[in-house]
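**Student:** Not my notes, these are from TrEMBL:
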ACT_SITE  277  active site, proton donor
ACT_SITE  356  active site, proton acceptor
ACT_SITE  384  active site, proton acceptor
DOMAIN    10-114  domain 'Alpha glucuronidase N-terminal'
DOMAIN    118-444  domain 'Glycosyl hydrolase family 67 catalytic'
DOMAIN    445-666  domain 'Glycosyl hydrolase family 67 C-terminal'
Ligand code: GCV
């Protein structure tokens, strides 16, 4: 590698650009007065210019827009006719680079877009580029606990909490820089499982810290959100009920919210996991989710806050013998009857699939079923079930498929992206969130290539029409510089990684087959006789869960034509075959292979794909900083061994169940 660099700022680790013809613009930055976020933007531009070409721009305050005949430089100002909702217009004309937007946050995003172009050494002359975010809310959900641990965290400890205190330091500011650079505008800092001290985050005890944190976020256009304990009136307030219809409970929340918003007037709102996996909720009082959410929504409404209510609700004490109860149905059954009953500041947060972030799931049937309710799509970049940031698994192609899924809820504009953005039902816009994959590791994400998921999620949330390949390239060039060989190799690794992971783990949408609790590594029957509703139902003849009308009926929760498509085995997309149907091992897939042969073949192929990824990575050894090269290499080696373990356990399991030989006579144990 040509230079010693500090990579601790991920894609914002600016490298020197020895010769860049367009550096001229960066001598002067004209900034509109009185806008903190615009000043942040100018600061970011100078930081980048200093790091990349030793240019220290002069920052000049202007009253409003650029005066006629003004000199060369970069001009940042709001314009009521500019793109709104965080959008921006970035253009070059006569030696002046201008970024205008209706809102200051738009200017900030425009500056980061400009920085990305410089990092990629793209020409700026005659540039004319507009971008408006597709999703109003672009959020990260951290599952950080106040003792410093992170639920499903794979890159060190929390940088938000330690020993029951909030941590506010340089890393907080670095985090704000990183996430705003990719367009994130809302961050939930604590775990949705709100217990013990986290319940007190809304009390006076943490008011001062939250105020400080919110200020750091605010300067970067980010709103702070907290996860809430539905039973706080009891656990914190000493009441003997948390019944949402009880007057004393309502009063308690109103008082509490008044106090919280007095310290952080622009607090975005609250995320609530209720009646799920042991967390308290309205069911205890025979109230509905709508009653629970609306009560909280009324308490935050005077301050412009929102209540984000999770739909991850299911029976986690199921009997594995019971074939009627279907966890997949649960969110739909609980929430679709409540469509239209929520206050306008309630947003339902729906996991992408009906189960739980498996490598392959159908899109949740709640998307499409809900037509009078605001919705947020929840995905997970913390790789809980996709290799835990020890395997490379670039998830943006998966998120693209989810966003592009046609729910059939309207004639046009019926995709998940259309619904959450508000294009399908304009009154009911929401957004997208990801369970975050960051921690205290110097490189933020443990696996250096996992940063592509972090970056990619933000970029995709902002512009859902970007392709996974474009995002991968952008991330790669911002991180490693515009080096063709690196970009080609790394992008190939990224783009083949999700399909590879899918090949060597559980087949055709059935999911699970992991070790219980830690969710890492193969264990085909790990969840088969357990209470979690996560079964594969394999026997001597076949496997899969019958979810058509002769089974649990989950397929029928989709709108037509999707319901028929999933119902009919011949029409069901093959990657989801075992999710929707029990299928004999001898069933022939469209390519003529039997199901069992498909299982064997994909498992061998998955391992070969990891070998190819290793070869690609080794091929760029000289061009990648040594420490990054080594970190990724070690993980790839582990991934290879682990993929073999997956391959052998899965193949052996199904060979022993079916007694059917591999046509190619490979080693199965
Ligand atoms: C935060 C899964 C995870 C839990 C997580 C839960 C949720 O069950 O394994 O760790 O809890 O999802 O999304 O609430």
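Note: Cβ is positioned from N, Cα and C throughout, glycine not excepted.
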**Student:** Long-range neighbours only, meaning 6 or more apart in sequence with Cβ under 8 Å: which ones does residue 277 (active site, proton donor) have?
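**Tutor:** Listed in sequence order, they are 193, 312, 316.
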**Student:** Would you kindly give the Cα-Cα distance separating residue 356 (active site, proton acceptor) and residue 384 (active site, proton acceptor), rounded to the nearest Å?
**Tutor:** 10
**Student:** Around the C-beta of residue 384 (active site, proton acceptor), how many further C-beta atoms are within 10 angstroms, looking at every protein chain?
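**Tutor:** There are 23 of them.
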**Student:** Would you report the average pLDDT that the model assigns to the domain 'Glycosyl hydrolase family 67 C-terminal' (445-666)?
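**Tutor:** Average per-residue pLDDT within the domain 'Glycosyl hydrolase family 67 C-terminal' (445-666): 98.
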**Student:** As a test of the contact definition, list every same-chain residue at least 6 positions from residue 356 (active site, proton acceptor) whose Cβ is closer than 8 Å to its Cβ.
**Tutor:** 312, 385, 534
